Amino acid sequence: MIPDADELNDADVYRIRGVPGAGKTTEILHRTEELLDDGYELDDFRWISFTNSHARDLVIDLCGGDGPFTPDDFDTVAERVTTLHSLVKSLNGVNGDDIVTGAGDDDTIHEFFTDRGIRFKPSGNLLRKAEEDESREMSEGEKLLAIDQWLMQHGDAIDASRVELTPEWIDEVPVDTTYAGSEVAAILAEYRAWKDEQGLYEHHDYICEYATKLHEEPQYARWPDCSVLFIDEFQDYAPAEYLILREWMDADQYDLAVIAGDENQSIYSFKGAKPWLFDETPVDVENVRRQSYRCPEAVTRVARGILPESGINSALDDEGVAREQSLWTDVEAAELALSLLDRHDADDGGDVYLLARTNRHAKSIARALRKQGVPFSGIGMKFAPAYADPEETHPWTDRWIDVAELLRGMAAGTDVLDYEDAYQLIDAAVASDRRWRQCDADYAGPPADVEDAPDVPIWTAFPGCSDISDIAQKLETGGWRKKMVLTAAESPGVDIREAAENIKIGTIHAAKGRQAPAVVTFAGYPRNLAEKWWDDDEFRAEERRLYYVAATRASEELVIAREFFSGKQMPLFRDGLPHSTTDSTETQHAD
């Protein structure tokens, strides 16, 4: 249902509703170009996105080959594309130095709780941990913060910039704590007052403060400086954020609001997102897109089986592949990742995604690949052990890829390295200055400052080392990385750089908004979530949306991996691949 030009010209609110890969971003680009043709200028637009990564992608799209702007406009366009949080923070006059998160980087919050005898040991996204049912591992201080964040982000009872702190409200929060509801209310009231005294904000604080200002005293609020608002990923916003967007959309000062999204991709209920907010937003014109230009038919059949109401179908001629595969060992998991990487041609951007339901499962997949010498990168995760140095949170940087490749060459018989390669390896080892003095070559400075430097007989820089495993122990890094680099160097069938750049591990949530030719979704499912699946209708509906998102990341091949995790399997996959009724024989099963 594509609106005509007259309908668009008369609209105040234009909704683009589309399945994954339907071209929602493309329609935003086209509408921008049409408005430019009508006389609008760059400064008349504001593009608002839910995540920083999507905002960056949107800037690239706007200034790319099919976009209405040129690469020369990149910096100017980037100033007009923001996340909602970034824009509201600016409009509300909040200094970034005043932001605290409670995720492990704020001593001030730690002091508040410990001064009151409450254990506080932060470790990552609080609401995500609670949502994944890892709340048993959370300290009491973390649980209290998660409750506060949940209340504020749901924002259904904003009153003087506060969500009501009552035991009745607190009982609705899906986080268990040893404190009674009245005790939680008292602690959080004190915590909020303490933040006010300190001049500190958590992200939800300035959202709720600004939403209240818009609603109660709009004449004193700063408003976005534009004539046209583009709001993408609309289904992901929580009620407090939605309040802000609706106030802007309903304001007479804006000529047009274009909202884009898909209620079937609403997967952030733990942050307060409500799928019906997008669906029930009043609009003048709607553009509904049910054909995916990303997913082949085999993938859309599975997606429809997971979520029949999506109505997704493929616009592609390619049948594609959707199949199951049992993975009983770490070796089989590594072999699957490598075979998919080989089949989907990393040279053409052929990423392989390995997706899990929880952070814990994603880390288990990462450990399996690391033990088999298969490098990888993370999707929204670092995958370094908890005990790693804070500066070493990403396993495979360019430096360690180079070191592993050099060690592999030495294992194959390379005795002499050119100066630049020798510098890379010696600089990564302990006592690098002493090693230059020991080797049969002179140190001439960083390679960028050196011309015509002599080759280096590299083994002389590592006296007493008889093989690359000895050299690996001399690397100036943690033991976990020494083992990781050595294992990769000793795996001759693995292209180290290609695997590190193109095999990507993460949670399904982290992969939202992305796509890859090959996607492996692991069917392992935590026991507590399996219990909620059968007991909670709203939870089950969101889990269906979540696995719909997982399936529709695949542009060529979708694999559902069974048996890798002991215990429960995701109920959707209990009886095989879910797919809509079809006569096709292309859906495969492999063990």
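Glycine is no exception: its Cβ is also placed from the backbone N, Cα and C atoms.
Record features, source TrEMBL:
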type: BINDING; residues: Gly18, Val19, Pro20, Gly21, Ala22, Gly23, Lys24, Thr25; note: ATP binding site
type: DOMAIN; residues: 1-314; note: domain 'UvrD-like helicase ATP-binding'
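With all protein chains in the displayed structure included, the most crowded Cβ environment within 10 Å among the binding-site residues Gly18, Pro20, Gly21, Gly23 is that of Pro20. Taking all protein chains in view, 20 other C-beta atoms sit within 10 angstroms of the C-beta of Thr25 (ATP binding site). Counting other Cβ atoms within 10 Å of each Cβ, the binding-site residues Val19, Ala22 show the lowest value at Ala22. For the domain 'UvrD-like helicase ATP-binding' (1-314), the model's average pLDDT works out to 86. Cβ neighbour count for Lys24 (ATP binding site) (all protein chains, 10 Å cutoff from its Cβ): 20.
The ATP site is set by Gly18, Val19, Pro20, Gly21, Ala22, Gly23, Lys24, Thr25; from the centre of their CB atoms, other residues of the chain with a CB within 8 Å are Thr26, Asp262, Arg289, Ser292, Tyr293, Arg294.
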